Amino acid sequence: MDPTAPGSSVSSLPLLLVLALGLAILHCVVADGNTTRTPETNGSLCGAPGENCTGTTPRQKVKTHFSRCPKQYKHYCIHGRCRFVVDEQTPSCICEKGYFGARCERVDLFYLQQDRGQILVVCLIVVMVVFIILVIGVCTCCHPLRKHRKKKKEEKMETLDKDKTPISEDIQETNIA
């Protein structure tokens, strides 16, 4: 007997109580673990409330890994833009689309391929056009053949009708038995 079937003798009240207790405990456990509240601050970060503190905080100089290329590397990148790696003291290239390599000297042949969606649409159109041409070609070839077969069949029926001898209904009875 299925305990979850309607009309079963097993009550679902204990199951519901266990689920409710589990949800209550879970809510208490993770209530502060994942929150979107902003942390409360007892005082202002700048000092006096309402004070503009953007000018008083010292700006830190942002250190980057790259800088502009020196003039001696002006034509270093063949198909791209030059940048200078500060830590290594070497030039590097940011290649234009369709090129790759250390100096952007190689052509990326896969870049020349169009979007796959466009290729799919073009292929479907070509397949439909070929299918239509094929159907028209088959119909054009089959129609004269069908006419020719029909004409031959009619001629054959005419010759059969001419060769056919009429069957007489006169049957003579003989007493052979």
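In case you wondered, yes, glycine gets a Cβ from its N, Cα and C as well.
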Selected from Cys95, Cys123: Swiss-Prot disulphide partner of Cys104: Cys95
According to Swiss-Prot, the disulfide-paired cysteine of Cys69 among Cys77, Cys82: Cys82
Alpha-carbon spacing, Cys104 (disulfide bond) to Cys77 (disulfide bond), which is rounded to whole Å: 6
Most Cβ neighbours inside 10 Å, all chains, among the disulfide-bonded residues Cys77, Cys104: Cys77
Which disulfide-bonded residues sit within 10 Å of Cys95 (disulfide bond) - Cα, from Cys69, Cys77, Cys82: Cys77, Cys82
Residues near Cys93 (disulfide bond) in space but at least six apart in sequence (CB under 8 A): Tyr76, Cys77, Gly80, Arg81, Cys82, Arg83, Ala102, Arg103, Cys104
